[in-house]
């Protein structure tokens, strides 16, 4: 079974039946799943940062969508930081778990953090998204590529083109798909610890299990049964578009071994070892298609946890500024941090 073969590098010496059972245990764990770790109830960003809380109308989704926003100055490009499977309705996980606003303050890049979208893959769903909390409309791709950039251009002087999408876990594949199909808006895409071949092997079944645990959603409501929509949203099958677009890519994945950054728990170690295989396959496909505009950051450590996703977002800052043509120092004044 292909699924079990993936784990031989992540978990050794484990009988076949126990390995299969461990898959379900890891995916249904309250710790991570394909989720992006656990979260606290308050934001990380310190008082004094010029972070705004916007309510952006979405006709496609029939409601206002909360956006956490930090301006990079007039006519600045944007960095869309996309959340994991367990995205909350109060704050974006990047603000809950990292000082990302601090890292990019005065960078010349506007930081855009959509709030909500649990289990959504930031996609336009075939059917209403029905879960434990009831039913809602998920048209996230339409919102991110049409409604939100138009709002930010009109109200916050953010360029509607030439921006970046970076996502962790669930949203890593989403960022690549956004760049594949919307190359003018997203010239840069970053994927951190994502499953990059979701339509392959048992991908749809495992994603369905994880979505059921993270909100009670059904994968069939998202992209239907196996078929064209799953393939359309599979980065490993859309490599040709990314190469043809000359999208700038940053692909990160650890190997399931913890370092001093933490994440030393079985689900975090197991999941990172699992998704690494799809990342290596994506790199092979990208190189085979003639790609030459990507950073592949495959560390000899790293588990499925926030400290390992914060590190590459800091590391790619200069590359983002150069690629997007940002003007460092632009943006609203910031109060100094207290000692």
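Placed from the backbone N, Cα and C atoms, the Cβ positions cover glycine too.
The active site feature in Swiss-Prot is assigned to 272, 304. Annotated substrate binding site per Swiss-Prot: 85, 86, 169, 197, 274, 275, 276, 277, 281, 304, 305, 306, in sequence order, evidence recorded as similarity to another entry. Per Swiss-Prot, disulfide bond is recorded for 130-135, and the stated evidence type is similarity to another entry. Under the heading region 'Fibronectin-binding', Swiss-Prot lists 101-111.
In the three-state DSSP scheme, residue 274 (substrate binding site) falls into the helix class. Among the residues the record lists as binding substrate, namely 85, 86, 169, 197, 274, 275, 276, 277, 281, 304, 305, 306, the two farthest apart have Cα atoms separated by 26 Å. Here the candidates are the recorded positions 130, 135, 272, 304. The one whose C-alpha lies nearest to that of residue 85 (substrate binding site) is 304. Within the region 'Fibronectin-binding' (101-111), the DSSP-based counts of helix, strand and coil residues read 3 helix, 2 strand, 6 coil. For the pair formed by residue 130 (disulfide bond) and residue 305 (substrate binding site), distance between Cα atoms is given as 27 Å, rounded to the nearest Å. Residue pair residue 276 (substrate binding site) / residue 304 (active site) shows a Cα separation of 10 Å. Across the fold, the C-alpha of residue 274 (substrate binding site) and the C-alpha of residue 304 (active site) stand 10 Å from each other. Ranked by CA distance from residue 304 (active site), the recorded positions 169, 272, 281 have 272 at the top as the closest. Look at residue 85 (substrate binding site): DSSP puts it in coil. Rounded to a whole number, the distance between the Cα atoms of residue 272 (active site) and residue 169 (substrate binding site) is 9 Å.
Residue 281 (substrate binding site) and residue 272 (active site) have their C-alpha atoms 15 Å apart, to the nearest angstrom. Around the Cβ of residue 281 (substrate binding site), 14 further Cβ atoms fall within 10 Å across all displayed protein chains. Looking only at other Cβ atoms within 10 Å, the busiest spot among the recorded positions 85, 130 turns out to be 85. DSSP assigns residue 305 (substrate binding site) to coil in the three-state reduction, placing it in neither a helix nor a strand. A gap of 29 Å separates the Cα atoms of residue 305 (substrate binding site) and residue 135 (disulfide bond).
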